[in-house]
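> Take this structure, written in structure tokens, and hold onto it; I'll ask about it next.
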């Protein structure tokens, strides 16, 4: 499959985001409501070993995205996953991915609904709909001021979040009474191998959101070094945070009491009333804050690039004076706020649409395999260069990890939702094939490496166009 670059663009000047900014964006995106809501259900599946399966899920989540640090050490990427698919997968696949990515915009509404619920549980006099709406609106306004303002906000929120989680972890560590490290305990792995696998699948969606760091290659000060370093840094941080919090959650109270319960149930019994209020503000509320803050930016970056290339109306990518495609951001905001205002449960809609997003992941993996072939000079000079056989093994590891998650999602979804998802995938495929023939689609080099690679691709594109005339 030929890769086409219709227009070469000079690599932009280095951005302003440092390693600490990128790491904060990744951690803030990854640590969301899952930490609060998933440990209790996991105890039902695997008992005392819920903390251990959370750690395993962190490594499984990294396995899913493990090619990204190697790719970003070779290439500076502007449009996230879309740019990878367009730059290494070809024009038709780029069109398929551009359309398949759009359902992700709805994920912002999950945080607004959850924020309203948490705030109402803490202060019953508050209207959950109004609070959730104001919450999403605040971060919409913050994101309108650009990536740098979003990143500074994210860093401050992550610091406060970690203080709240540390308060819970340290306060609970002195009250642990269960044998949390006794692997021979009958309560450990109580659900057997199946229970462990199901718990990992339950946790895994909360463990690799930091892959969004790759979206900020244009804004990073030293993208080829700091983006992969930030991704790697997120793994041990998540192991410590998730593992430590889960150890306290499973170690303080009898398992039969905490099984199926949210983390707030344990926190209310571990902390004093005043500290519990501080934990709720600095923990669950800020977890949602960091997630929605980066989610809004993560959504518009790939969509904006696909608009510039002509897959979607180019006018949508027009930017304000802070470099933000405000029309796309406003669209993402409206999609996020409407379910909150209508007090609408969107779990079924999200579940069926996420099948489309999961299917699009396989387009990414196809593109991963082509890096050494399409960008040979960039790959040879990459900071994380490894032999090709080793790189292909890394990509295959990602493929296997994704296939397991994808099949588990398909098996657990009702048949009508699977049919909706499959139909949507077919629509994306047809759209990519048809739209790729349009003269309005102009693929730009939205990733930068060794100039020899980009020039070779561009020359091949011009040669193919000449032969087709």
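Here the Cβ of each residue, glycine as well, is placed from N, Cα and C on the backbone.
Marked as transmembrane segment by TrEMBL: 22-45, 51-75, 96-118, 130-149, 156-176, 196-218, 230-253, 265-286, 324-342, 348-369, 389-407, 413-434.
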> With the transmembrane segment (324-342) as the reference, which stretch in 51-75, 96-118, 130-149, 196-218 has the largest tally of C-beta pairs below 8 Å?
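Selected stretch: 96-118, with the most Cβ pairs under 8 Å.
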> Considering only Cβ pairs within less than 8 angstroms, which of the stretches 51-75, 130-149, 265-286 has the most against the transmembrane segment (96-118)?
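Per the Cβ under 8 Å count, 130-149.
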> Are the transmembrane segment (51-75) and the transmembrane segment (389-407) near each other by the rule of at least 3 C-beta pairs under 8 angstroms (pairs 6 or more apart)?
yes
> At least three Cβ pairs under 8 Å linking the transmembrane segment (51-75) and the transmembrane segment (230-253), pairs spaced 6 or more in sequence?
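Yes, the transmembrane segment (51-75) and the transmembrane segment (230-253) are in contact.
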> Cβ under 8 Å to the transmembrane segment (22-45), counting only same-chain residues 6 or more beyond its ends: which ones?
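Result: 51, 53-54, 110-111, 114, 151, 154-155, 157-158, 161, 191, 195-196, 198-199, 202-203, 205-213, 216, 220, 226-227, 230-231, 233-234, 237-238, 241-242, 245-246, 249-250, 255, 258-265, 283-284, 287-288, 290-291, 293-295, 298.
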> Between the stretches 156-176, 196-218, 265-286, which one has more Cβ pairs under 8 Å with the transmembrane segment (230-253) than any other?
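Most Cβ pairs under 8 Å with the transmembrane segment (230-253) come from 156-176.
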> State the non-local partners of the transmembrane segment (156-176) in its own chain: residues 6+ outside its ends, Cβ under 8 Å from one of its Cβ atoms.
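Apart from its flanks, the transmembrane segment (156-176) reaches 24, 27-28, 31, 241, 244-245, 247-249, 251-252, 263, 266-267, 270-271, 275, 278-279, 281-283, 286-287, 289-290, 293.
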